[in-house]
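Here the structure comes first, spelled out in structure tokens, and everything after it is commentary.
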Amino acid sequence: MESGPCSRPAEPRHCVSGRAGAGLAFPAFPLSAAGAEPGSRIGTVAAVLPAGGCGERMGVRTPKQFCRVLERPLISYTLQAMERVCWIKDIVVTVTGENMEAMRSIIQRYGHKRISLAEAGATRHRSIFNGLKALAEDQPGCELTRPEVVIIHDAVRPFVEEDILLRVVLAAKEHGAAGAIRPLVSTVVSPSADGHLDHSLDRAKHRASEMPQAFHFDVIYEAYQKCSDFDLEFGTECLQLALKYCHRKAKLVEGTPDLWKVTYKQDLCAAEAMIKEKISQEICVVVNTKDEESVGHLLEEVLRNELNCIKVTSTVLDRTSGDIENFIDQCYSFICVNVVSSESRETRKLLSILEESSLPLLYPVVVVLVHCFDFTVVPLAQKMENLVWIRELAKEAKGRNVLLSGVLLNHSQDEQKLQESLVQSAAIIAALVKERNSALVGQLLVA
């Protein structure tokens, strides 16, 4: 093992959708350093994602690939992960005829690129075979080029990174077939016909087969063409087909823990938690002054100390400088510190900038308005009454996937009280950023 983890249609199926049109660019998470110019080493690469399942094990009416995670279909996250890899030339998704229009709508809404659709088959292997046919240059009406290497990946494994994709592709380039594996979590047992233990497998000697897998295109395409109806109907392992029909022993590549497959309802919750964690790694503190002694910069320092695992940066809300646009590309959490009377205008300015970007389309964006005043000078009830506009503005913003709420910070002349309020504000902000709870939209929270 390397360290580092379908069906013959009765009639030929046609590629029913060409390349997706131009769409919004994705602000991607940083890619792993898997190699500077991998394309020069691996030739042309395409991917096939079978997405024709019905989600039977999940026990829901909506196929799991179309279930929403943070208001976005799960398959969209997987497509985004594949699209970020610039050396994957084409991505073929196989979906059932009844879900074809829904899939086209997802591609259009979220700006996915390099995506083509093919009709899914009745089984996993039949769906994969249809996807391969769309790349084989033997189907009329298709614009796709026959690749040298093809990746097969599940539409419900959204956290695949470029590093593991490159490692399985390079291994497939050398050996003809390769696949990611992971250690077994539970011991596998074989029951007898009467329901008693027959034998168990040594967990240390066996591995779980995962995705992605990669193949010389000619190898896996030939394997599917030779495949028996029984294998097409009941088989699940692509590596086994390459071994059985083309005598290619796959290279096994140790995968990462995030290759798991969304299978059950609780997996949707786990996927949501992982996505929230990823998009909460950076906070941008928007201030209205460059004065390093301002309460905004003091809050930034407290946030940095309290949330040492999160990157905290600051900028002045000034569209002419272009600074805020630089943060828009990489941040999904904005803390606006207002100490002047123009809070509403400044907030609308930020929301306008966000609306012009693609950020809220892809993930929920958190905006926290921090209002600083001395609680002993301005009565709290009076201040909250003056900020009632936040509730209405938050309702508007929520429709655009922006979660807006407010924090009241005691800008006391007493340094100890000010520090206590700064620390409490940081704790509230951390919870709002990490949880992204829409139930708190429009709320004013007192620190």
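Cβ coordinates are placed from backbone N, Cα and C, and glycine is handled just like the others.
Database features (Swiss-Prot):
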- Arg57: site 'Transition state stabilizer' (SITE)
- Lys64: site 'Transition state stabilizer' (SITE)
- Arg203: site 'Positions substrate for the nucleophilic attack' (SITE)
- Lys261: site 'Positions substrate for the nucleophilic attack' (SITE)
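The structure, with features from Swiss-Prot marked on it.
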| residue | record | DSSP (3 states) |
| --- | --- | --- |
| Lys64 | site 'Transition state stabilizer' | helix |
| Arg203 | site 'Positions substrate for the nucleophilic attack' | helix |
| Lys261 | site 'Positions substrate for the nucleophilic attack' | coil |
Protein Cβ atoms within 10 Å of Lys261 (site 'Positions substrate for the nucleophilic attack'), excluding its own: 14
Position of peak Cβ density within 10 Å, selected from the recorded sites Lys64, Arg203: Lys64
Inter-residue C-alpha distance, Lys261 (site 'Positions substrate for the nucleophilic attack') and Arg203 (site 'Positions substrate for the nucleophilic attack') (nearest angstrom): 20
Cα-Cα distance linking Arg203 (site 'Positions substrate for the nucleophilic attack') and Lys64 (site 'Transition state stabilizer'), given in Å to the nearest integer: 30
